[in-house]
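Q: Here it is, the structure in full.
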């Protein structure tokens, strides 16, 4: 049925090819989510009476019933690591494995129990969950590759649309469940399924000791499903379904270990902040339909292309769309949720911050390129917010000690670069950096996960109560983890913009585009707040250069504190337990390292003809070419001499940043956490993230809670609704009616006869009058 409906696309070049299987790419992760979700529910079900012997988790003791996990221990011994001869029993409480009180320790972010010397009992269906979770993503990636090669052969100039059923049809509104295959959605699909497969494989080794292993993979598969709906949907409402879906799944995954309040709060924070941006997305859709009577990409783009440049309606739509982007892609002022998202497992951070959710906003702007190209003021706002976010986050990253927080602010900063690109109309450059960033940022997060896994294991084995994510507790790990060190080193050079690594090519293209658009483009001709667009664009370029310097510094600082200098994890007994991660964790690192090296060849600039020149530029031409040309307007080509100078300057900036970090962070300055001096002045401001969270808490969160408590709850709910209606009218009216009714219940037959007679007269009178 699906194939017949997809074939209805007509005489499209992709008809009859692997493109007709695009529905399966979307469906496979959903299937994995259902299977692993069912396994998770079955193994966490409590079928019998409660065990009077409580299991402790956190500060609370909870009675635990016999579960199917216990039954499966005897049925599937080969899928488990049974604990023999020890008084330890693992229970699944809906969050993570817990042990008997005598063995309970502090839970850390990688899913293990610190302080407990007995290994936890693993999930009874560990093998099945692992196979399903990884295989569905691997199969989706294989099908996506087949579709990609079909597109290479046919060179389609128009999208391939596969409509499966009608969704909303009323008046002129016609929205169907339709998937759209074009060059842009194909790039995103390959990144999501390809990098997603590697992250799923890494999770097998990283999460294997977590009792909620099946639930974790169910959430992870569901997340990828919604992300594929987002990038393959052929209209804004279907994109919004995926948009909301990834927001919901991020709430599940960030708060995965929800028994710890900080983790649950981080999930709620991400969910609430993203709803603010989603409001903008919704308003933009309402305005599109009101003005263009359509919500599919093709019709809206054609309608906008027919509009004059800079109309108020198109500008407003673009700004509301960008409001949605600031939430999902963590730009000022809605970036505050993303650093707290580190509460989730590290592979979740890699998936959210590299290949999926945070790139959704960049994809939305690129997909809506016709709208933004017709709204130069809105595009200027996008570029300025992106540049400011990039610089702001890079400054904060300079003084973070949690290795995952460093990478979180790095993600916010790199997303700022992407918005600079799409803001100045260099849509290909933005997507190019999205792709290369997916490679090296996934590598950095997974590498950080490998480090945390090793350090936490060493602390765990010796009962050391230290933070396994604090870089001051690391040092010298290159001797113990050579693969992790080498691969993370490649990713660091890539993100710093050192040639010939992938990040150099994409970041250089963004900076060059910002510089070029400052002369002759629609943006240069526009004005914002009384300042010419040209001046704003030169400021954007300057912010980008400074951010490049800061990026090289804080990423080199991370590498030096983690892998160089003396080892600070503890004594010889602790260091004895440090070792490289297993193959399921190191193989994804190696693959991503290769991609971080060769990824720049996807779009080699014309001044470096080392292979196919501007391959991605030509590939995306049918989708974003018209918008790029419209916004570029009369921008002259940058002379090769100037371009070489810009490239050389960017490379010099990166090398200077690395040198500064190496000179400042000498081995004698790399001291353990308890010996480190307290930050003061500017350092403290950067460490505390410019106190933005505290500002939001005092200006927004607390007043909102106070209003909710005193006005809405105590005043409206308790004071008016409860007192007046529930305890007042609601309580007194029945009493009054009962009293009045009791007056008629006198027991006198004559009274009843009179009531009956009056009733008959009223009824007869009513019929007579009618």
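These residue numbers are counts, starting from 1, taken along the chain as shown.
Cβ coordinates are placed from backbone N, Cα and C, and glycine is handled just like the others.
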Q: If I go by TrEMBL, the feature region 'Disordered' sits on one of 15-48, 49-82, 83-116. Which?
A: 83-116
Q: Tell me which of 159-177, 216-234 corresponds to the transmembrane segment entry in TrEMBL.
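A: Of the candidate stretches, TrEMBL labels 216-234 as transmembrane segment.
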Q: Summarise the model's confidence over the domain 'NADH-Ubiquinone oxidoreductase (complex I) chain 5 N-terminal' (167-217) as a mean pLDDT value.
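A: 92, rounded to a whole number.
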Q: Mind tallying the domain 'NADH-Ubiquinone oxidoreductase (complex I) chain 5 N-terminal' (167-217) by DSSP state, helix then strand then coil?
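A: Going by DSSP assignments, the domain 'NADH-Ubiquinone oxidoreductase (complex I) chain 5 N-terminal' (167-217) contains 29 helix, 13 strand, 9 coil.
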Q: Please indicate, using numbers and ranges, the residues of the same chain that are 6 or more beyond the transmembrane segment (216-234) and have a C-beta under 8 Å from a C-beta there.
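A: Counting only partners 6 or more residues beyond its ends, the transmembrane segment (216-234) has Cβ contacts under 8 Å with 22, 25-26, 29-30, 32-34, 36-37, 39-40, 129-130, 132-133, 136-137, 140, 159, 161, 163, 176, 178-181, 185, 188-189, 192-193, 196, 199-200, 203, 207, 210, 241-246, 248-250, 252-253, 256, 296-297, 345, 347-348, 351, 356-357, 360, 363.
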